Amino acid sequence: MSASDNGIAMPPSYTDYSIHTDGACSGNPGPGGWGAIIIHWDGSNPAHRQEHCGGLPATTNNQMELTAAIHGIGLLATSEGFDPALPIKVHSDSEYVVLGMSTRLEKWKANGWRTSDKKPVKNRELWEKLDQTVQGLDIEWLWTKGHAGNLLNERADALAREGMDPFLAAA
């Protein structure tokens, strides 16, 4: 909370949000992790930043990419001062997630959760959860080239590996 001129605490004022996500897997399937960086922007200034990660003992890379987006958006939506009317940019190095959310999801739903070649959509439960998570939000899905020096993508990757670490010893 920020203070106004009269000393009364006012909620923070944000202009937009960005989320940087990544998933990782040791083996595919195998132990995996996800990472998400959430930034609340005040114009061109990052006003607030959160980092989160987690993992599962047996998963796939695509499942962790989807899970990173689900958790990143869900955590943003429950954060203090969140305004659902503000735009959100989700950055991912997963074409699977970006293309799925920006061009394929509506077609899959219209086709009874079947791909264009009539096969069942893989990871349907996660796609449905992500679809539910984004309802009512203004989201732009942006692809970022992975492992290409983008600092926020590299940090999201490190968080995903951190989320995976506890499950590596047990594997």
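Any Cβ shown, glycine's included, is placed from N, Cα and C.
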Candidates Asp16, Asp22, Asp138, the one TrEMBL lists with Glu65, Asp93 as binding Mg(2+) 1: Asp22
Assigned element (helix, strand, coil) containing Asp93 (Mg(2+) 1 binding site), judged by DSSP: coil
Winner by Cβ contact number (other Cβ atoms within 10 Å) across the binding-site residues Asp22, Glu65, Asp93, Asp157: Asp22
